[in-house]
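Please read the structure below before turning to the comments.
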Amino acid sequence: MELFTPSLDWGSEVWASLVWIAEAWAIAAVCTLAVLVLIGLCTTWGRQFWRITGAHFTGPGSVKVWLWLGAILVSVVAGVRLTVLLSYQGNDMLSSLQVAVQGIAVNNTPVKDSGVHGFWMSLWVFCVLAAIHIARLLLDLFLLQRFVLAWRVWLTDRLTGDWLDGRAYYRSRFIDDTIDNPDQRIQSDIDLVTAGFGPLPNLPSNGGTASTLLFGAISAVTSIVSFTAILWNLSGTLSLFGSEIPRAMFWIGLVYVLIASVIAFWIGKPIIWLAFRNEMFNAAFRYALVRLRDAAEAVAFYRGELAERSGLRRLFVPVVANYKRYLNRTIGFNAWNYSISQSIVPLPYILQAPRLFAAEIRLGDLTQSASAFNEIQNGLSFFRNAYDAFAGYRAAIIRLHGLVVANEEARALPEVTTLPSDDGLVRLEAVEVRTPDGRQLINPLDMRLEAGDTLVVTGPSGVGKTTLLRSLAELWPFTTGTLTRPCGPNETMFLSQLPYVPLGDLRAVVTYPGKEGSVHDETLRDTLRKVALSHLVDRLDEVQDWAKVLSPGEQQRIAFARILLTKPKVVFMDESTSALDEALEFMLYQLVRSELPDTIVVSVSHRSTVEQHHTHELELLGEGEWRFGPLGDGTRTGGTP
Ligand SMILES: Nc1ncnc2c1ncn2[C@@H]1O[C@H](COP(=O)(O)OP(=O)(O)OP(=O)(O)O)[C@@H](O)[C@H]1O
């Protein structure tokens, strides 16, 4: 009867494991890079991924990114090594028990003592391995989460910048394939793509690298390779229908899991687009709720609850219908996966038990075979089980890529050619404006305004006054011609009918588009007093939803305060006094004229009272025709088709 000998030389295992980790790390790094490059070159989603975020891995600061990735990979490989070592420790524990019991049975003290000693040693080994295992898990979580967070910061910054760049956030409404909910793509899909868990938002409770698609896959492959060697050594020959299968357990397991995976991919394929549509329908529903919240007052005045309710219901129906299909398909997919995972559990015992009974292997070998088999099966089924997670992940990549493409298309749309004017003049040369369906709104328009000139743009409703301002602000793509204007920072201001009111305190609201804090509080208070908002001077620190607190008339006075603070050389105003009474309108125009006498003011207005503050008039007559000239003296030039 043999004495117990451990399955590994634990004394030299520290060094051996470090060497193993270093080698496995290098092989895993090279293979992963090769696979990622192939994915990037050969798959659509790989190319899309690279286009969205490739610069994070190549641009300035990428050294840190790669170092961090390298550290995460060390953690992944070390995790696999620990699992391997734990499987040997498990083998030692059971085999030593077996030897001890056998020694007792035949009253052989040296054999019994070797078994007892081996058992306690294996428990010590377990304590050391367990401590390292816990430390690694915590470090793994930290490394992964900090990496993901830094990546998310970078990508959010890049995509918000990209969305704002060239006014893509506005002009993307004019492209052929408009996209839904860019805001949610930035907030939610970036989170999914950087976390890499699949369709789940990133949370520390999701777990460490093993739950992510990339590192989970690396861990699975490393684990398969490591345990394959163990299983290979523990496998015996099986006689089946008269023929001998060497290393039977290894080959049977491999074939079984491969066939199971192919069928699972086939069942799970529709989950990709079902997950995509699930997110899309939910996003549309969420957006409708946000719009209702924003327009709460208008809806409440209309008593529009019934219409809103049926609108919301209509948007929620596809959410439910798609979710049912998503659920059914996932149940089918899970049914297959669960059945496969459970039905394979007894296989290693069935194949190895006869060899144990024939004393060819020890008890620990049997259980290690089972655990090695289990690890390989888990590793291979990682790809099968991660299928729907991958589907959700790919859907997030597609959505982010859609945003990037839409931004680019929006920037590529035509716009009026804008040239800087050194002398402070505003000059329009052959500026022509159309509707999206090609209807001529303004025939080629030539006009020149000098410092201090003021122009009122008039004409019937729908004739194209606002669209002219949009064109001059480089927002409207259905336009041609050249605009020369002062182009320095804030030298030209465009004001819409209701000024934009940003989130934050009143200081930020009044200072906009300047940075909060860039204007001294006393100047802000003075300016508020000048525009008849003295009741607000003590509320600069107050954080409110100011768009809902301030009346439209007060908001329009804030717009005039911004003009006084910004001191532009040219200001274009679209019905900027429509919510004010005539006395206030008169006072504000006088204020702008006296404080900024050299500023060129262009006003779009319906009101005859506005005309008195202007020196020139551009009258839009409809069907593209216009008349331009000094106000009141009848010497107008005109444009006809
Ligand atoms: N995004 C758009 N898509 C299609 N047509 C548009 C769009 N925006 C404006 N239009 C059309 O362009 C025309 C000019 O609109 P615009 O808002 O410039 O008129 P306006 O003279 O400013 O009218 P009002 O005095 O009522 O403000 C209108 O017929 C309008 O329906």
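Count begins at 1; order follows the chain as displayed.
Cβ from N, Cα, C; glycine included.
Owing to the predicted nature of the structure, the values given are computational and were not obtained by experimental measurement.
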Range annotated as transmembrane segment - as stated in TrEMBL, picked from 213-234, 279-300: 213-234
Intrachain residues whose Cβ lies under 8 Å of the transmembrane segment (65-88), provided they are six or more past its termini: 7-8, 13, 17, 20-21, 24-25, 28-29, 32, 56-57, 126, 129, 132-133, 136-137, 139-140, 143-144, 146-147, 150-151, 208-210, 215, 218-219, 222-223, 226-227, 230, 368, 371-372, 375
Positions whose Cβ lies under 8 angstroms from the transmembrane segment (213-234), at least six residues beyond its ends: 24, 28, 31-32, 72-73, 76-77, 79-81, 83-84, 87, 144, 196-198, 247, 249-250, 253, 352, 361, 365, 368-369, 372-373, 375-376, 378-380, 382-383, 386, 389-390, 393
Within-chain partners of the transmembrane segment (20-45) [C-beta distance under 8 Å, separation at least 6 from its ends]: 70, 73-74, 76-78, 80-81, 214, 218, 221-222, 226, 394, 397-398
